[in-house]
Amino acid sequence: MNRPAGFWVRLLAIIADTIVLSFINMFFILFLGESSLFYALSAVIGWLYFAGLESSSRQATLGKMLFSLKVTDLSGNRISFARATGRYFSKAISTLLLFLGYLMVAFSSRKQGLHDKIASTLVVRKNLISNFDRWQDDDSGYGGDR
């Protein structure tokens with residue numbers, strides 16, 4: 001099973017996601033201005049960005065991909081769009097509690113925030129196999145001692 005991702009790397013990933021969403025929102029604000037339509041569209045874009053990407057085959061937003069993280073259920077499997085939606089809206093609770101729900105990541109054994117616990121999810125580091133490891137495991141006879 002993959003290793004849980006800690007607080008700092010997750011913070012960096014959310015900063016990257018915030019930058020991506022800011023650019024997307026800037027594009028729309030140019031055409032819509034600061035209107036109620038813009039704010040509604042911005043909310044929908046945020047939801048679709050997080051829920052859609054975290055339930056996709058990559059299991060990660062662009063920020064999580066940048067830091068080789070992915071979202072799984074408690075068994076390490078890909079989450080559904082419905083579970084990703086629940087996780088996304090549960091972040092509101094983490095935020096309303098003065099961000100303590102996010103701070104839980106630093107202190108829980110499985111590095112889960114409140115929203116992760118509510119949605120029964122984990123954010124884990126992807127298992128990355130280096131080219132050296134692939135070379136050593138190669139059956140061509142050129143890598144590693146057998």
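Glycine is no exception: its Cβ is also placed from the backbone N, Cα and C atoms.
Residues or ranges marked as domain 'RDD' by TrEMBL: 4-119.
Residues annotated as transmembrane segment in TrEMBL: 7-31 (among others).
For 37-55 (among others), the entry in TrEMBL reads transmembrane segment. Here the transmembrane segment (37-55) has Cβ contacts under 8 Å with residues 17, 20-21, 24-25, 28-29, 61-62, 64, 71, 78-81, 83-85, 87-89 of the same chain, all six or more residues outside its ends.
Annotation comment: TrEMBL describes 88-107 (among others) as transmembrane segment.
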Could you tell me what the rest of the chain brings near the transmembrane segment (7-31), counting residues at least six beyond its ends with Cβ under 8 Å? 38, 41-42, 45-46, 49-50, 61-64, 66-67, 69, 103, 105-106, 111, 123, 125
For a three-state summary based on DSSP, what are the helix, strand and coil counts in the domain 'RDD' (4-119)? 80 helix, 6 strand, 30 coil
If you average pLDDT over the domain 'RDD' (4-119), what do you get? 96
